[in-house]
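Trainee: Take a look at what Swiss-Prot says about it:
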type     : residues : note
REGION   : 1-72     : region 'Disordered'
COMPBIAS : 44-54    : compositional bias 'Low complexity'
COMPBIAS : 55-64    : compositional bias 'Polar residues'
ACT_SITE : S202     : active site
ACT_SITE : D228     : active site
ACT_SITE : H358     : active site
Amino acid sequence: MSDLQRTWAKAKFGASNDPFDEPQEEQGQDVLPELPEPVDDDSSSASSASSVSSTGTIIPSPNQKLFARPQGVARGRTLEQIPWTTYFEREVSLKSEQDPEVIYHAYLTSPVGKGPLFVMHHGAGSSGLSFAVVASQIRKRISTAGILALDCRGHGSTYAPEDKAFDMRLDTLSSDLYNVVQLTKTEMSWPEMPPIVLVGHSLGGAVVTDLAKSGKLGTSVLGYAVLDVVEGSAIDALQSMHTYLSTRPLGFATLQAGIEWHIRSRTIRNSISARTSVPALLVFNENDDPTRPWRWRTNLGATQPYWEDWFVGLSKKFLEARGGKMLLLAGTDRLDTELTIGQMQGKYALQVFPEAGHFIHEDLPEKTAVSLVDFFRRNDRTALVLPPKVSDLIKQGKRV
């Protein structure tokens, strides 16, 4: 860039928010911090998140760096893995009597007292650690909150025989999530089910919506939040899935190289999130290519027969299921007609983060946590103060 162009850019956007400057996040950090402070990489504060009550056009502020060039890792920044123990109390392995060959794996921090339980389901190809950083941000705001983030079958550390690992039908995944919630309650000896907020990203959004619509968890579900997936745009995006899979690397020389690729390609735009979640996406296997032994754990191509099944009818179910509803998107262009009408009718809450990529909760964990906590508080039944019954007032001798 010429000096003239840089001068113009600074005059246009402000010297302190030059979108063409190299990123300064974690500069000089060359060791893994014991407890890294999970923050949104975006320079704007959590209070600046775009919240809309209609489907009007949103104009992002200049400091959101929407057009920043894909960058490598800044000099001095560490790429060391951050362990799951930084964010969760324990990991659990759960076996269902209905399907004992499948051993579910999940990360858990138990709720305290009457605190809520955020039950989280990741997207295709991801893992429960996708929600690690946002989980810590939720607990900063609600210290009694619990977090349950499972690894879907065929993903993460959940084990299933080969013939069952990729039974990725939507009703199977919905049953899996229900089983994990019930088995966790039994495993932890909870006397009753805590109030639940279901949270799902991408494929996970379809799963939590299906479970909410089924009503299996009864009145314990306060509401459900869906992250960056709607029926229309999801089905359209399936057309380019093969192109995406063919262009990403088949493997990486080191775990750190895999983390760096996710940051450089802006697949994940927050280095703390990438260092936490990416290691669970890869597995060491030098049989295919010793020079790139870190391979993808999940064969996304094998899930193709189920892609349309995941999303067909999603908008209708999302609007019809009982409980509070929230949709978090990276752009209003993702709304389809059915959801646009539903938004105009006030049927659900809509939050838009135009500065985020598809992995909203990883790119902007603090802002996502603020939205989820506010969503819970709006739907928290224990916070409701009901007026006294007329019969009780009469018994007390009061005039009515």
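Note that Cβ sites are derived from N, Cα and C of the backbone, with glycine treated the same way.
Small disclaimer: the values here were computed from a predicted structure and weren't measured.
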Trainee: If you draw a 10 Å sphere on the Cβ of D228 (active site), how many other Cβ atoms land inside?
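Mentor: There are 23 such Cβ atoms around D228 (active site).
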Trainee: For S202 (active site), write down the residues of its own chain that are at least 6 apart in sequence and whose Cβ falls under 8 Å from its Cβ; none is a fine answer.
Mentor: H122, G123, A124, S126, L227, D228, V229, A234, H358
Trainee: Test of understanding: give the count of other CB atoms lying within 10 angstroms of the CB of H358 (active site).
Mentor: 18
